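A short write-up of the structure that comes next.
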């Protein structure tokens with residue numbers, strides 16, 4: 001022990017003659033240096049512990065405050081306020097329900113982002129205060145004596161390292177290269193660890209483990225793409241590279257009147273065979289999606305705008321475990337979230353805007369005469385079919401399907417107007433049918449009334465107005481009138497009661513005035529009194545005019 005202390009004093013520049021006299025003083029100096037350094041370390045550790053303790057208490061307190069301040073207003077399933085709100089939303093149509101839930105999802109996402117930013121800002125402030133405390137402890141001004149002692153100790157450490165390095169170099173000549181490599185790595189690791197405090201190393205390990213942790217339901221909803229998002233950005237120049245790796249909620253069918261959805265990950269963008277419309281936008285974009293190891297291509301119009309439910313996430317997680325696939329990490333989710341933000345903030349150049357417009361025009365281009373174009377394509381298809389060219393037939397079929405889609409989109413407004421006109425025509429036809437039925441009922445009632453009046457009135461021969469006598473009717477009256485009626489558009493026999501009940505329904509097949517006179521039937525003028533009307537009705541009933549009216553074709557053209 002004495003030899004080691006002498007060596008230390010010799011390294012410090014003290015002669016051998018002064019060793020005995022100055023040994024006590026050297027011991028005191030060395031003890032002072034070690035004690036001063038230990039005191040500084042203790043002070044630094046005390047400051048660090050105090051900062052960590054205060055920071056930890058502050059973090060717990062701040063998290064509680066932030067949890068209360070940024071409280072999610074939709075506590076029920078993360079989408080509804082309460083049971084009444086849930087019943088109200090579920091009673092809406094699917095479009096209205098998805099729109100409201102999409103708005104609530106964005107509201108919750110913004111609220112969570114504000115909460116995370118507030119927590120991070122508070123943590124950064126706490127770390128800054130802790131670093132300031134440690135820095136103030138280290139930067140405490142030293143006295144000249146303490147500074148000299150520290151310089152001597154530094155010099156001693158340097159010389160010891162040089163001597164140990166020489167001894168190591170001598171020993172390494174007899175050792176293997178593998179052991180040298182391991183020792184070098186260990187020394188490098190030890191040197192690197194000396195430059196970092198244990199607390200920082202623990203924070204670094206904790207951060208790495210947190211980044212490599214599996215993503216949860218909240219993380220996947222952060223990088224979920226809805227139908228509205230895809231329809232808005234599907235012509236964007238960096239759309240394909242951005243959405244690859246994101247997640248979508250796909251509707252695959254219905255069960256018991258409810259939609260069945262699957263959580264899928266987008267692996268690529270494909271082009272569909274024919275264009276289709278998504279929220280009024282014409283496109284040919286299709287998504288290649290994976291659910292576990294199952295792969296399928298979906299059109300954009302089957303995507304849902306609602307967030308993933310817990311059932312969707314659990315089923316997808318079970319499928320990933322069953323297929324022995326690794327879950328995406330939180331670090332991956334953060335990268336995709338940054339990509340989505342970059343795409344939303346991307347500024348398009350003039351050339352990119354022109355390309356987007358040209359792509360939309362190319363899809364929405366409609367021929368001037370769609371019918372003629374379809375006829376021409378069908379003729380080409382028939383010729384290709386006869387020639388046995390299956391590829392050309394398939395190509396022409398795709399063109400015909402495209403024309404059908406375009407014609408449906410271009411004629412949407414006109415078809416709507418035609419539908420309205422068809423409804424008006426149908427309403428008019430029903431009204432005309434009702435009016436005709438009522439007119440027939442009135443005629444039947446009038447006929448029954450006239451028949452009843454004819455049976456109740458005594459049989460008396462009418463007197464002719466022209467001759468004042470009662471002419472005898474010819475036996476062949478009914479036969480001649482009913483068998484060979486002649487039309488006279490200017491003059492006809494009109495019954496006053498029928499004219500009053502149905503003025504628009506005038507019979508066409510009535511005997512002419514000359515024919516009636518030739519057969520000996522007296523024709524009176526239009527009666528002016530009620531007695532004349534009754535007399536004429538009685539005369540018509542007696543002479544069989546009812547039979548004539550029953551055989552008359554009114555000739556009314558009504559479109560039903």
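Cβ atoms here come from the backbone N, Cα and C positions, even for glycine.
Feature annotations, reproduced from Swiss-Prot:
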type	residues	note
COILED	387-456	coiled coil
COMPBIAS	148-171	compositional bias 'Basic and acidic residues'
COMPBIAS	180-195	compositional bias 'Acidic residues'
COMPBIAS	440-449	compositional bias 'Basic and acidic residues'
COMPBIAS	451-480	compositional bias 'Low complexity'
DOMAIN	214-345	domain 'Plus3'
MOD_RES	197	phosphoserine
MOD_RES	502	phosphoserine
MOD_RES	506	phosphoserine
REGION	15-74	region 'Disordered'
REGION	128-207	region 'Disordered'
REGION	440-486	region 'Disordered'
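Residues of the domain 'Plus3' (214-345) grouped by DSSP class, helix first, strand second and coil last, total 49 helix, 52 strand, 31 coil. Helix first, then strand, then coil: DSSP counts for the compositional bias 'Basic and acidic residues' (440-449) stand at 10 helix, 0 strand, 0 coil.
Taking the coiled coil (387-456) as a whole, pLDDT averages 77 in the prediction.
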